[in-house]
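Taken verbatim from Swiss-Prot:
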- TYR26: active site, proton acceptor (ACT_SITE)
- HIS101: active site, proton donor (ACT_SITE)
- ASN75, HIS81, ASP88, LEU102, SER103, ARG112: substrate binding site (BINDING)
- ARG21: site 'Transition state stabilizer' (SITE)
Amino acid sequence: MGGKAKILLVNGPNLNLLGRREPGHYGHHTLDQIVKELQDESTSSGVVLEHIQSNAEHELIDAIHATEAEFIIINPAAFTHTSVALRDAILGVSIPFIEVHLSNVHAREPFRHHSYFSDKAVGVICGLGAQGYQFALQSAISRLKAKSAEH
């Protein structure tokens, strides 16, 4: 890749409670631990990883609008099932993205089965815990390298 590619990692509401909140569904890793591991991996791959977590929808939208990233990894959390505005923000910037969920949303309550993002995502990873973020990052880096090789 010529220059350092950027990936924006977006984490939605309540993910700041990882490690304490319902560990049976979400695991014992904290968000800080997950982000640190991803930053280490991205740095070793020559990619810049920017991260935002917010419980406020408008802050996530503003970060997406302002990003210069070439790829987005997003765990919209509860906004998955409710936020047309967040969906529109991602579609508005035309940046490819992967949707990640720690738990298997399809094995949970029926209201969690619908996503406003999945139909537009490059891929969806759910139910693999914190490792799902690693898979998303590896895929994003691979796609960015392939895109760079084409140019």
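Keep in mind that glycine also has a Cβ here, set from the backbone N, Cα and C atoms.
Structure coloured by features recorded in Swiss-Prot.
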| residue | record | DSSP class |
| --- | --- | --- |
| ASN75 | substrate binding site | strand |
| HIS81 | substrate binding site | helix |
| ASP88 | substrate binding site | helix |
| HIS101 | active site, proton donor | strand |
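Looking only at the binding-site residues ASN75, HIS81, ASP88, the one with its C-alpha closest to the residue listed as 'active site, proton donor' is ASN75. The binding-site residues listed here are ASN75, SER103; among them, ASN75 has the most other Cβ atoms within 10 Å of its own Cβ. Of the recorded positions HIS81, HIS101, HIS101 has the largest number of other Cβ atoms within 10 Å of its own Cβ.
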